[in-house]
C-alpha cells in the first residue's frame with residue numbers, strides 16, 4: 001500500500017513541483033496519473049521509488065516512510081518495486097534474456113531461480129521465442145515488453161510506469177496495456193503516468209489528475225479529462 | 001557475498017576491459033608511463049640512500065683522552081661514554097695502536113714514524129659511533145664537556161655538509177615520487193571516468209532494479225586493479241633490465257670506492273613488488289573515485 005501525506009517538493013532551483021499531495025493507493029489497485037506536462041506527474045512518480053526525496057511530508061510504502069530512509073536502504077526498497085520507462089532503458093549489448101536476468105543477478109538470486117523466473121516472465125509478456133534477440137532487433141512494443149518483464153521478474157508488489165506507451169503506436173500501446181492488466185490481475189499494484197487519452201477513457205480505472213503540484217481530481221473509473 | 005556474485009564481478013571486470021579496448025589501452029599506458037618514471041626514481045633513490053648510509057656509517061667521533069688521565073679515569077670516561085643516549089658503540093684504541101695505524105696508513109713512508117715508538121706523542125682514543133649518524137654533532141658537543149677529554153674530533157663542517165646534501169636528495173626524490181603518483185592517479189581516474197561515463201546507463205539501471213552501491217562498485221574496483229597491475233608489467237621489465245645492465249657496467253669500476261650499488265637480488269624483487277602494488281593502488285583508487293560520481297552515497 002502506498003500512502004502520501006502532505007507531500008511538498010521544491011527543487012533546488014526554486015521550482016515547486018509538488019504542493020501538498022495526500023493520497024492513498026491500496027494494494028492491487030490500478031491507477032492512472034494524468035495531467036499536463038510540467039504539472040508534477042514525474043516528480044510524483046519519482047517520489048514513489050525514492051529517486052527524489054520530499055521536501056516535507058510523509059510517503060509510506062508497505063509501512064516504510066521513504067522520506068527518512070537512508071540512501072543505503074534504497075536498493076532494498078527498489079527490489080519490491082518494478083519500474084517501467086517511456087524509453088525502455090534496456091542494455092543494448094545484452095540479449096532479451098540477459099536484460100531480464102540482470103535484475104535478478106544484481107540482487108544475487110541463485111542461477112537456478114534466475115532461469116526459471118526469467119522464462120516465466122518472458123512467457124507472460126509473450127517473448128519467450130525472442131529470448132536470444134538483442135534489443136535493437138526488436139520493435140518498440142517488444143522492447144517495452146522486455147522492460148516490463150524485467151520490472152516484474154522479482155515479483156514486486158508495485159509496478160510504477162512513467163508514460164510506458166509514450167513512444168509507441170496505438171496498436172502496440174494496447175498490447176502493452178493488455179500486459180499491465182494481466183499483471184494487475186495477479187494482485188500487483190500499478191501506478192501509471194500517461195498522456196494517452198484513449199487508453200484512460202477505454203480501460204476505465206482510478207484516475208488521479210495533478211495540476212500545478214496538486215491533486216485536482218481523484219475518481220474511481222474516471223476519464224482522461226483533457227483535450228488531446 | 002555469494003561465490004556466484006564474486007564470479008560475476010570478475011567476469012564483468014574482464015569483459016569490460018575487452019569491451020572498452022581503447023580506453024583500457026589508454027589507462028594502461030597512463031599507468032605504464034608514470035610507473036616507469038616512478039620506477040627509475042625509486043631505483044636511483046634507493047641507491048643514493050644505500051650509498052649515503054655507507055658514508056654515514058663511516059662517520060665517527062674520536063675522543064682524545066687527556067695525557068694525565070689514569071687508568072681509573074679512562075674506565076670512568078668509557079662508562080660515561082657508553083651511558084650516553086644515542087651512542088651505539090665505544091671502542092678503545094691505545095696510543096700505541098694509534099701510532100701503528102698511522103704507520104700503516106702511510107705505507108712505505110710510514111716507516112719514518114717508527115722513531116716515535118720510543119716516545120709516543122699521540123693520545124689514547126675512544127672511538128664513539130652514534131646510533132643515528134645525524135646525532136654525531138650533538139653527541140660530540142656533549143662529550144667535549146666531560147673530564148679527562150683533551151680533544152674531540154668528528155670531521156666538523158664536512159659531515160654537516162654531507163648530511164645536508166643527503167637529506168636534500170632524499171626529500172627531493174620523495175617529493176618527485178609522490179608528485180608522480182598523484183599525476184598517475186588523476187590520469188587513471190580520468191580515463192576510467194570516461195569508460196564509466198559510457199556505462200552510466202548500466203549503472204542507472206542497476207540502481208533502478210535494486211543493486212546495492214557495493215555491488216555496483218565491485219566490477220569497477222576490479223577493473224581498476226587489473227589496469228594498474230597490467231600497467232606495471234612494462235615498467236618493471238624496463239627498469240629491472242636497465243638496472244641489471246647499469247649494475248654490470250658500473251660494478252667493476254666502483255668496486256673499491258664508497259659508492260656501492262645495491263646488488264640485483266633481492267633488490268629486483270623489492271622494486272617489482274613496490275611497482276605492482278603502486279599500480280594496483282592507483283588503479284583501484286582511480287576507479288573508485290570516478291564511480292563515486294555516479295552513485296548517490
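A Cβ is built for glycine as well, from the same backbone N, Cα and C atoms used for every other residue.
Under the heading transmembrane segment, TrEMBL lists B:21-46, B:172-192, B:225-247, B:267-288. Residues or ranges marked as domain 'FtsX extracellular' by TrEMBL: B:59-152. Annotation comment: TrEMBL describes B:176-296 as domain 'ABC3 transporter permease C-terminal'.
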Surrounding residues of the transmembrane segment (B:21-46) on its own chain - C-beta under 8 Å, 6+ positions past either end: 169-170, 173-174, 176-177, 180-181, 183-184, 187-188, 191-192, 194-195, 198, 227-228, 230-232, 234-236, 238-239, 242-243, 262, 267, 271, 274-275, 278-279, 282-283, 286
Secondary structure tally of the domain 'ABC3 transporter permease C-terminal' (B:176-296) (DSSP, helix then strand then coil): 103 helix, 0 strand, 18 coil
For the domain 'FtsX extracellular' (B:59-152), residues assigned helix / strand / coil by DSSP: 47 helix, 22 strand, 25 coil
